[in-house]
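Before any comments, here is the structure.
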Amino acid sequence: DILAAFRVTPQPGVPPEEAGAAVAAESSTGTWTTVWTDGLTSLDRYKGRCYHIEPVPGEETQFIAYVAYPLDLFEEGSVTNMFTSIVGNVFGFKALRALRLEDLRIPVAYVKTFQGPPHGIQVERDKLNKYGRPLLGCTIKPKLGLSAKXYGRAVYECLRGGLDFTKDDENVNSQPFMRWRDRFLFCAEAIYKAQAETGEIKGHYLNATAGTCEDMMKRAVFARELGVPIVMHDYLTGGFTANTTLAHYCRDNGLLLHIHRAMHAVIDRQKNHGMHFRVLAKALRMSGGDHIHSGXVVGKLEGEREITLGFVDLLXXDFIEKVRSRGIXFTQDWVSLPGVLPVASGGIHVWHMPALTEIFGDDSVLQFGGGTLGHPWGNAPGAVRNRVALEACVQARNEGRDLAREGNEIIRXACKWSPELAAACEVWKEIKFEFEAMDTL
């Protein structure tokens, strides 16, 4: 069975058992009345069952309802169908004030019907010939308004300075100021020029997201013809059907696939209604993607440390134990489905490097947008600065030093032999993004 953990907030006067049973029925075989066609099938075989209810600590009106769904209810290899069944209709149910899907346990038999990520972590490292450290990325800013040529120049400078990847922003598709084909051509030129100068393999996440699946595939095919290593997709706005289609193409044609989670906070930000990001992350691993943005723990975008580490494990590890402190309600066996690299991004800069290296480990992409392009001397020195800081942190960690306690000292020591790093440390020494969370609903 597929197991689901729902956070249920019943209407006043509705007992939790009734609310849990209603969720199970409405998201499987139930309807609002008895129908004569019920007699034509074996409902006992197909109906969802609420098998356990427990209170949420500290919340009088909320309960966790555990529901089991028979596997026969789901089409093989279709995340779209899985979500349509489990969360398609039940969230507007009048007996509930609010409902949140906290976690899913995907059984081994169902996992094996999915191809998963096009390549996975190890194959990506082999393709790029980069080992023993996190990968470095940068989103090109300003995200909208640059011409294709000026955009390509920014890409070249960042890659030449020492980054592994640069990135289209999620909303860069094919706008009047920069059509997709021009951007792809100038970015490919930047990649090849930077590779020739540095001797390293470089990439730029070319955003293939489009208004139709046909246009999306046309862009992916053009990227492959240019010989670039990676394309990108906005998987929530683009949809799971489009994402799985693109992932299959990428595996068959040797392209890596970077996934952006634009729109996720619409679904996952409220604490008592919607769907937790760990469910969206599991779904992405099944649908297919080699990288996905996972929050930063530090920086400007929200991400609580333990919870973030919980879905970083879900993305990368093969077997994940149930750990309630990390919000993981079920053990999950991925049966060797390839892993996904978590991408840390959002308001991070050089002083965050020790914390990011410690928290995310080697199998991650650290993405500094403003933290690269905001360098007072320009893009290439910004990239140099990030690469120097990363190498210093990785070396210190490998020597057994404590990055949590000695992080600032490690960065300061590296400043002595990197003027680019020293200049940036001076600029960003005081910047913090510390706001109280407003969404306490």
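Cβ atoms here come from the backbone N, Cα and C positions, even for glycine.
As written in Swiss-Prot, here are the features:
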{"type": "BINDING", "residues": "ASN89, THR139, LYS143, ARG261, HIS293, SER345", "note": "substrate binding site"}
{"type": "ACT_SITE", "residues": "LYS141", "note": "active site, proton acceptor"}
{"type": "BINDING", "residues": "LYS167, ASP169, GLU170", "note": "Mg(2+) binding site"}
{"type": "MOD_RES", "residues": "LYS167", "note": "N6-carboxylysine"}
{"type": "ACT_SITE", "residues": "HIS260", "note": "active site, proton acceptor"}
{"type": "SITE", "residues": "LYS300", "note": "site 'Transition state stabilizer'"}
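Taking Cα separation as the measure, LYS143 (substrate binding site) is nearest to ASP169 of the recorded positions LYS167, ASP169, HIS260. Looking only at other Cβ atoms within 10 Å, the busiest spot among the binding-site residues LYS167, ARG261, HIS293 turns out to be LYS167. Neighbour density for LYS143 (substrate binding site): within 10 A of its CB lie 14 other CB atoms from the protein chains shown.
Each residue contributes its Cα atom, and for THR139 (substrate binding site) and LYS167 (Mg(2+) binding site) these two points are 5 Å apart. A Cβ within 8 Å of the Cβ centre of LYS167, ASP169, GLU170, the residues given for Mg(2+), is found for these other residues of the same chain: THR139, ILE140, LYS143, ASP168, ASN171, VAL172, TYR205, ASN207, MET232, HIS260. A sphere of 10 angstroms centred on the C-beta of THR139 (substrate binding site) encloses 24 other C-beta atoms. Ranking the binding-site residues ASP169, GLU170 by the number of CB atoms within 10 A of their own CB puts GLU170 at the top.
Ranked by how many other Cβ atoms sit within 10 Å of their Cβ, the active-site residues LYS141, HIS260 place LYS141 at the bottom. Distance between Cα atoms for HIS260 (active site, proton acceptor) and ASP169 (Mg(2+) binding site): 9 Å, as a whole number. Closest to ASN89 (substrate binding site) in space, going by CA atoms and restricting to the recorded positions LYS141, LYS167, ASP169, GLU170, is GLU170. Spread of the substrate binding residues is 37 Å (greatest Cα-Cα distance among ASN89, THR139, LYS143, ARG261, HIS293, SER345). In sequence order, the binding-site residues near ASP169 (Mg(2+) binding site) (Cα within 10 Å of its Cα) amount to none of ARG261, HIS293, SER345. For the binding-site residues shown (ASN89, SER345), fewest C-beta neighbours within 10 angstroms: ASN89.
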